[in-house]
Amino acid sequence: MGCWSDVVGRRYSLLACILLSALGYGLLGLSTNIVLFIVARIPVGIFKHSLSICKALLSDLVSESERPLVMGHFNAASSVGFVLGPVVGGYLTELKGGFYISSFICSSIFILNAGLVWVLPWKDFIQEHKCISKDNDISNATKKEHSRDISNGKSVNVSTVTSLKSFLQPACDQVVSVLQKIRVVACSDMWDVFLVRLLMALAVMLYYSNFALALEERFSLKPKMTGYLISYSSTLGALAGILIGPMTKLYHNNMYLMLLHSSILTCSLMFIYAAATTVWLVVLCSTFFAVSTTVGRTCITDLELRQGGTQASGTLIGAGQSVTAVGRVFAPLVSGLAQEFSPCGPPSLGAVLALAAVLLMVFRIPHDTKCEKND
């Protein structure tokens, strides 16, 4: 979806993703058998990437120095939804036919979002993006390529006529363009950044996997108290996004150093959590863990865009999300195997993976960062 948004434009791809997600949730609300239930999940699984496209759009509209602050605020706003969503969903599910009510409400919210995307002032966005490109002293060749991308993508968003042209554009041309962008990213020298993202994603997922079961086995903590702890941690994570701006100024916009320090803190907290003997130590770890992971997610996204360039921001953000999804696939399996040995197995293994990510940053990524500074 990220590559596709670079080819056809943010507005067109965002509208398509939102409307098809609304269709999926609508079908989910109408499902009366397992076949329709499975079919309803297909468009949701493929097209529910509106957050990734929004991040790519934000990276187009703001300068490199402002990007961490804006991304931090965006992550904070989206985290509020993850905090409130389970509470509202749990309440609705308890009602008669609550699952179907929840599905239709989700579909309605997506349709409302599509309406908001449609009425956004896209012309102003394009003008602002051009001003930012001039301020960043982009070379003439890059400007020409950038204007070509805008004419292929964001000019599609200006009028209904150009939107219809994009609909009539041969699908094979779009597929070829998407594959070319994927090949450029795959052949680039960014494997270290993506590997750091994968290792840290796996580490964080191992920390949270079987979290309630581990606390019950280790400290006899009731699920209700575990739920409060998770909500507390999620709330802190949402608030931590607001701190990205001041932290960026404190680090003089050195995102690599911020990422390194947040990863070291995450690794240390996972070791402490694995060896914790009291519940209060777990609460302390959860407090700082929520902040460090929020900062780390923002930093790794910004580092990807800095090393790969904003010309294919959708492709880069989409590739990063795909790497995280790979970690999400393997995390439950690895966590289950580690849990067989000890309740402390998953966080201990996560700490080792986080340590590997830190070592990779120390010995590999600084070389690329120095090259960027010299350039």
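Cβ coordinates are placed from backbone N, Cα and C, and glycine is handled just like the others.
Annotation source TrEMBL lists domain 'Major facilitator superfamily (MFS) profile' at 1-369.
Sequence annotations record features per position, and here TrEMBL assigns transmembrane segment to 12-28 (among others).
According to TrEMBL, the transmembrane segment annotation covers 70-92 (among others). Sequence-remote contacts of a segment are chain residues at least 6 beyond its ends whose Cβ falls under 8 Å from one of its Cβ atoms, and for the transmembrane segment (70-92) they are 51, 54-55, 58-59, 62, 98, 101-102, 105, 231, 234-235, 237-245, 294, 297-298, 301-302.
What TrEMBL lists as transmembrane segment is 98-120 (among others).
Under the heading transmembrane segment, TrEMBL lists 190-209 (among others). Proximity of distant same-chain residues to the transmembrane segment (190-209), defined by a Cβ-Cβ separation under 8 Å and at least 6 residues beyond the stretch ends, is recorded for 259, 263, 266-267, 270, 273, 289, 293, 296, 300, 303-304, 307-308, 319-320, 323-324, 326-328, 330-332, 334-335, 338, 346-347, 349-351, 353-354, 356-357, 360-361, 364-365, 368.
Residues or ranges marked as transmembrane segment in TrEMBL: 229-248 (among others).
Tertiary neighbourhood of the transmembrane segment (279-300): same-chain residues 68, 71-72, 75, 79, 193, 196-197, 200, 204, 207, 215, 219, 221, 229, 232-234, 236-237, 240-241, 243-244, 247, 255-256, 258-259, 262-263, 265-266, 269-270, 272-273, 320, selected by CB-CB distance under 8 Å and a gap of 6+ residues from either end. Residues or ranges marked as transmembrane segment by TrEMBL: 279-300 (among others).
The transmembrane segment annotation in TrEMBL covers 312-334 (among others).
According to TrEMBL, the feature transmembrane segment maps to 346-363 (among others). Cβ atoms under 8 Å from those of the transmembrane segment (346-363) belong to residues 192, 195-196, 199-200, 202-207, 209-210, 214, 256, 259-260, 263-264, 266-267, 270-271, 273-274, 334-335, 338-339 of the same chain, restricted to positions at least 6 beyond its ends.
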Distal contacts, the transmembrane segment (229-248) - CB-CB under 8 A, six or more residues away: 68-69, 71-77, 79-80, 82-83, 211-212, 215, 255, 258, 282-283, 286-287, 289-291, 293-295, 298
Within the predicted model, mean pLDDT of the domain 'Major facilitator superfamily (MFS) profile' (1-369): 77
